[in-house]
Amino acid sequence: MGDLVPPGTRCAWSATSHPLWFFPSSLLSSSLAKSEEVVYDKEVVNVEVAQVPLDEVPDGGTRAWLVLLGSAGLAMSTFGYAVSWGSFQAYYELTLLKGSSSSAIAWIGSLQFSFMFLPGFAAGRLVDLGYFRLALLTAMAALTAANFLIAECTKYWHFLLCQGVVLGLSAGCIYIPTLTVISHWFKVRRPLAFSLITIGSSIGGIIYPIIFRNLLPSVGFRWTVRVIAFINLATFIVAGLTMHSRVTSSKALPPLFDLRPLLSPAFCVYILSTFFSFLGLYTPLTFLSLSATYIGIDPSFTLYLTAISNGSSTVGRVLSGFLAVRYGPLNVMIVSTTLAAAFTYAWPFVEKKAAFIVITCLYGFFSGAFIGLFPVPVSQPIFGEIHDLGRRTGMLMSVLALGALAGPPISGAILQKHHNFHAVGVYAGTTVVASVAAMIVVRYMVLGKVTGSKF
């Protein structure tokens with residue numbers, strides 16, 4: 001391998017002049033990928049570096065696109081189901097669990113959503129170790145059982161266990177390995193691939209509330225849930241036939257609970273930014289239907305608001321993927337998440353149906369851009385090799401799970417205290433602003449400046 005840096009380039013590997021001095025040298029030396037561009041003192045230089053022991057990443061082709069298709073289906077039946085919780089929340093409060101408080105019911109959706117990320121540390125590492133298929137098939141079987149068991153639930157603790165804990169954990173053991181494996185098949189197009197996967201979750205967020213709303217009057221709760229379970233089962237069959245990992249490394253890997261990626265301050269701050277975002281970003285989606293009834297919108301229409309938001313989110317995810325390829329994922333996330341925070345602040349102060357629908361669409365669009373891209377930065381070569389991506393993704397998901405767990409119940413408690421959504425919107429918007437601030441800090445730590453340069 002030739003010189004890492006061409007002679008004469010002003011780039012010394014020292015703690016005083018290297019803009020990435022805060023990264024451990026082991027991460028720097030192992031994380032560079034073939035023919036990457038690195039920014040040094042406002043100059044862009046090509047560096048030749050060690051290639052991970054994989055064939056060239058396809059970045060397309062029949063196999064890669066089939067993997068993406070299966071991944072999108074799994075995103076629909078896991079993440080898409082989770083972001084449809086707002087319809088369940090409103091229905092449970094009005095019928096099945098009307099004796100329980102808003103905050104207590106919100107814990108069901110909060111557990112489901114947060115537990116999708118909580119097993120990330122172990123699930124992601126299983127992919128690194130070559131057990132992707134085993135983890136995937138086991139989790140799909142568990143999730144299928146949980147989907148059908150929800151139809152038999154009659155008490156609060158039944159829903160908490162089946163729809164909150166079991167469904168959440170099994171969905172997490174599917175979704176997180178899916179995000180890891182897609183990086184084995186795409187590199188240059190990776191931001192776009194992630195965005196296309198999350199279209200699946202948006203489709204789920206659109207169709208599940210519509211199915212829920214339209215089947216309830218005709219077939220009842222039990223068969224409505226069973227129909228959704230059969231749809232999910234179909235996506236599992238497709239994924240089982242199309243999804244495979246390309247990493248089967250024979251090299252010695254660190255143990256499961258090796259925390260060396262946390263030695264990077266920039267990596268830690270980025271994880272913190274996602275924690276703050278999940279504390280508040282999904283609060284509007286959780287309470288859209290319920291808050292609409294507070295201003296007199298017909299309850300028969302409010303159940304569609306979750307679908308409207310998720311439909312707008314689909315557009316945001318696709319567009320953000322194309323923009324991220326050109327401008328960098330973190331740059332796109334900073335702008336889109338700032339705007340999502342603005343509409344989160346505005347949401348509870350809208351009092352007209354037309355304006356409420358507009359806010360719903362704009363919130364869905366910009367929050368969708370964040371959701372489509374937030375896993376991408378941890379796949380960047382500066383944070384480590386692709387063989388270790390499952391662990392880094394798992395660390396990210398495990399920490400943000402705490403935000404996803406705490407966010408909706410905190411919002412529910414604020415709602416109970418103030419009896420309106422004004423304070424809820426202020427809380428949620430402020431946490432998202434904190435997330436944006438942390439992203440800007442990450443950008444400065446990596447590039448040494450706040451504006452300019454693709455990252």
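Even glycines carry a Cβ here, placed using N, Cα and C.
Distant neighbours of the transmembrane segment (64-84): 58, 109, 112-113, 116, 143, 167-168, 171-172, 174-175, 178-179, 181-182, 185-186, 193, 196-205, 207-209, 212, 228, 231-232, 235-236, 238-244, 282, 285, 306, 310; these residues of the same chain sit at least 6 beyond its ends, with a Cβ under 8 Å from one of its Cβ atoms. Annotated transmembrane segment per TrEMBL: 64-84 (among others), in sequence order.
Feature annotation from TrEMBL assigns domain 'Major facilitator superfamily (MFS) profile' to 66-446.
Within its own chain, the transmembrane segment (104-124) is flanked in space by residues 78-79, 82-83, 85-86, 88-89, 92-93, 97, 135, 139, 156, 159-160, 163-165, 167-169, 171-173, 175-177, 180, 256-257, 282, 286, 389-398, 400-409, 411-412, which lie at least six positions past its ends and keep a Cβ under 8 Å from the stretch. Annotated transmembrane segment per TrEMBL: 104-124 (among others), in sequence order.
Residues annotated as transmembrane segment in TrEMBL: 131-150 (among others).
The transmembrane segment annotation in TrEMBL covers 156-180 (among others).
Among the features that TrEMBL reports, transmembrane segment is placed at 192-211 (among others). Within the chain carrying the transmembrane segment (192-211), a Cβ under 8 angstroms from the stretch's Cβ atoms is held by residues 68, 71-81, 83-84, 86-87, 178-179, 182, 185-186, 224, 227-228, 231, 303-304, 306-307, 309-311, 313-314, 317-318, 320-322, 324-325, 368, 371-373, 375-376, all 6 or more beyond its ends.
The transmembrane segment annotation in TrEMBL covers 223-241 (among others). For the transmembrane segment (223-241), the residues of the chain that approach it from at least six positions outside its boundaries are 69-71, 73-74, 76-77, 81, 136-137, 140, 143-144, 147-148, 150-151, 207-208, 211-212, 215-216, judged by C-beta separation under 8 angstroms.
Feature annotation from TrEMBL assigns transmembrane segment to 262-281 (among others). Sequence-distant contacts of the transmembrane segment (262-281) (same chain, at least 6 residues past either end, Cβ-Cβ under 8 Å): 22-24, 27, 337, 340, 344, 367, 370, 374, 377-378, 382-383, 392, 395-396, 399-404, 406-407, 410-411, 427-432, 434-439, 441-442, 445-446.
If you look up TrEMBL, you'll see 330-348 (among others) marked as transmembrane segment.
Residues 191, 194-195, 198, 201-202, 274, 277, 281-282, 284-285, 288, 292, 295, 297, 305, 308-321, 324, 329, 332-333, 336-337, 339-340, 343-344, 346-347 of the same chain sit 6 or more residues outside the transmembrane segment (354-374) yet have a Cβ under 8 Å from a Cβ within it. If you look up TrEMBL, you'll see 354-374 (among others) marked as transmembrane segment.
If you look up TrEMBL, you'll see 395-415 (among others) marked as transmembrane segment. Note on the transmembrane segment (395-415): residues 101-107, 109-111, 113-121, 124, 172, 176, 259, 261-262, 270-272, 274-283, 286-287, 375, 378, 421, 423-424, 427-428, 431 of its chain, located 6 or more positions outside it, place their CB under 8 angstroms from a CB of the stretch.
Per TrEMBL, the feature transmembrane segment maps to 421-446 (among others).
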Chain residues in Cβ proximity to the transmembrane segment (421-446) (below 8 Å; excluding those fewer than six residues from its ends, i.e. six or more beyond): 19-20, 22, 265-266, 269-270, 272-277, 279-281, 283-284, 287, 291, 294, 330-331, 333-334, 337-338, 340-342, 344-349, 377, 382, 403, 407, 410-411, 414-415, 455
Same-chain residues near the transmembrane segment (156-180), Cβ under 8 Å, at least 6 residues beyond its ends: 71, 74-75, 77-79, 81-82, 88, 92, 96-97, 100, 104-105, 107-120, 123-124, 126-128, 132, 135-136, 138-140, 142-143, 145-147, 149-150, 194, 197, 243, 375, 389-390, 393-394, 397, 401
Segment-level pLDDT (mean, integer) for the domain 'Major facilitator superfamily (MFS) profile' (66-446): 85
